[in-house]
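Report on one structure; see the data block that follows.
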Amino acid sequence: MSQPYLKIAILVAATIVSAIPVWTTPVSTSPPQQTKLHYVGNGTWVHNNTFNVTRYDRITMEPVYNNNLSSTTFFVAISERNFRTVNTPLGASVFWILKSALNPPKHQPCIANVPEPGDPRGPCVNSTVSLFFNDNLEPFLMTKNLLEFEVLPDNYITGWTFERSKTVATKGNPVGVVLSPPRTSPDVNNTIRDDGTPKQHLSIIDEHTTFVLDLQNFTKTLTYISPFAAVWPITAFHAGITVMGCDTTQAIAYLGNGFMGLQISSVNNPPLEMIVAPNDVRARIVNRLPPRRRLEPPGPYAGPIYKVYVLSDGNFYLGHGMSKISREVAAYPEESLDYRYHLSLANLDTLAMLAELSSGKSKDVSYYLYRIIARLAVATFSLAEVIRLSDYMLLQEAIDVDINLRLIVPLVMKYAAGGTADSSYTSSDVAMDQFEVAQAQIEKIVADINIENELRKPMYEHRSLLKSVYAYSRKPLPNAVSFANRLITAMYKEAIKDRITWNSTMREVLFFAVGAAAGSHVILTDGPDLGLHAHKDSSMFLSLNRNILLLCTAMCTASHAVSAGVKLEEVMAGLIAGGVQFSLLEVFSPCMASARFDLAEEEHVLDLLSVIPPRLYTDLNTGLEDDGTTIHSYGRSANGILNSRIAYNFDAVRVFTPELASCSTKLPKVLVVLPLASNRSYVITRTAPNIGLTYSLDGVNIAKPIVISYITYGNCQVSRATIRSVYLDHPGHTQSCVYCGSVFMRYMASGAIMDLIYIDDKDVELQLVAGENSTIPAFNPKLYTPSMNALLMFPNGTVTLMSAFASYSAFKIPSTYLWASIGGLLLAILILYVIVKMLCGGVINNDYSLLLNSE
């Protein structure tokens, strides 16, 4: 290499490493010595002693002399590599950066132009290989990732390029699976055009609002840099970014027109990178080969529209678990351009993850992390592509994506990534730059509503309003929380009387009401910096959310849990049969927003199995399978899913019941939490905690005792009390509600907790004492068996056993037994009569005297 190029190489090396901590090893300044040559491929590695060798940890940068041309080429050598068996100098892995890479970056002409709207060839995606004046390439010379991952082979290996999946798109069907109903066309009356002028007011209540895009405005370029520093940076037109993460994991999807770069990194799991580009674009990995021989990243063969690359820890090891995952997720982008398809499968995978955890089959479900995150990322990519190809976006599409991200990400981060419950986060700005406008609008709409008038509207209107609040409001709105509380209270009144039909609308209304009231765990702060108004709102939010948690717990009766479990069994049967279209909201239940943790216990599982329709036994593969799984595991799965609080993206029980953590005493495993009075809760456990006023129930299976504790905020003392058996006074003659604020609990001698009914008004109180005429099934003693019992928990900490329910036992005597008893009684009377007659007759006639005289 000539002296100018040598100076440039030195300048580039010095410039790049000057931004990082370095140390140098002084060497002799004598002329270059080439007495010791190390041959690497067709090049020679030598020490150039004319300048210091700059080192950064294990990374060494030096020049390479080409044997044929006697010219130097700038390169990076990674020393002391543990995972390579190649016998290179110092055990190093070496790749070249050719001197042509020092030229200024060059791009195709389309980068300076705008794509034609609706043209599939519109995306302009380029792979750049320039170093000079290109700050984006700095990580390639500084990264330590190359020390850890095998992503830079010199030649193709087996499985580097693999066959396309059978589920992906074909030339005859380039867009893949499309779900029903078809995508709605723009409505002229509800269309907002992006023409560069101030946008008109966006109606976020109308789900059919259309946002027409002017792609001429989307000219911002995105430069994608591989986290492995293994693929040269790729440029595309920016479309958005989707972020998902927690305290242990982060996934970022960089979206461009016709492009996606997904990066998944985790403390507990290996990383994975997926790149999607147009099928005529060739991404290039960084290795020592010249450009004409430079490899593409691993992945399947190109499809009719896209080409997919996947880099992971398992690229070199075909038997590796990550190798299987890489091949699976590589098919996702080409299976469908319908974002609903990917959201549906993300929901199904989430359900399968929860079911697997609940069944006890496996405690490690980390492989779901890659599958679910990849599905969600591809869903946002598919939506961005459909918007690009059609030039419009339905507001409903943006809301759907946002809702599913908020619903699924906390679950996958908690169970698959091992993150803490409160640490998850997610965001996406795909083709939607009016979130602030939408948020301001929904706040105004909610502030102006009249709650009494709103409650008179049909349920589908409630769903639209609460759905918008859930999607766009990042903080709880006072009116929305009050409205949600009133709405859930009305649903509770119908649910405890078994008069509610849990169709999809009712399930979604309950979910969005709970989510809109709870917010994103930013509401319950109470510190000295809060103003009076903020303090008042915080207290109201806490009080109403405690009430909602209590009402959902009360709605989760034993009978409802069984019916909800059957619904889940039906869904899992469809999952096994290969069903596609699904949302977790279809199986949402009050139990999933409650404070009941006992539904996975054996008694509740057996109750569920006893009512499963026979048709499901075949679908669920009953009988002993190869792995020993029976229908019983599906029962555990269903009830375990009911125990997941999917309505919250944080630990709602901990946040809404701070009294449970106000002392250092750790509670035993909790079955139920009942937040009654302010800063006071009942906690039901199997073992007595060392805190609170504690009651132990008599007449319960000693293997599964029931312990009730009344815990007050800040009171860390422990005391024991006895449950008294009483007959309740009839409160019908009083206008006041004597038992309001109390909780009625029905339980079995086996230790199973059946129902927990909250007495919130006079009507429920009257039903409590109505006996057999009660319209609330749990209050009807005629439905009780001798093994059932009931008690009442008052808000002041008093617990009483209800004698009227304990002593009521109705026995049905068979008629044959009754008539046989009557016949036996008559026969006994007849025999007794004969005996008495004989005795009396003998005495009167002096027969006994004659008998004695005869002797």
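Glycine is treated like the rest: Cβ placed from N, Cα and C.
Sequence annotations record features per position, and here Swiss-Prot assigns N-linked glycosylation site to Asn42, Asn48, Asn52, Asn68, Asn126, Asn189, Asn217, Asn503, Asn679, Asn773, Asn796 based on sequence analysis. As annotated by Swiss-Prot, signal peptide applies to 1-19. Look at Swiss-Prot and you will find 837-855 tagged as topological domain 'Intravirion', backed by sequence analysis. Annotated transmembrane segment per Swiss-Prot: 816-836, in sequence order.
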For Asn679 (N-linked glycosylation site): DSSP state (helix, strand, coil): coil
Spatial neighbour of Asn503 (N-linked glycosylation site) that is closest, considering only the glycosylation sites Asn126, Asn679, Asn773, Asn796 and their CA atoms: Asn773
Largest tally of Cβ atoms lying within 10 Å of a Cβ, found at which of the glycosylation sites Asn126, Asn796: Asn126
Inter-residue Cα distance where the pair is Asn679 (N-linked glycosylation site) and Asn126 (N-linked glycosylation site), in Å: 60
Number of other Cβ atoms within 10 Å of the Cβ of Asn503 (N-linked glycosylation site) across all protein chains: 11
Entry from the glycosylation sites list Asn679, Asn773 having the most other CB atoms no farther than 10 A: Asn679
Nearest-integer angstrom distance between the alpha carbons (Cα) of Asn796 (N-linked glycosylation site) and Asn679 (N-linked glycosylation site): 12
Distance from Asn773 (N-linked glycosylation site) back to Asn679 (N-linked glycosylation site), taken between C-alpha atoms, in Å: 36
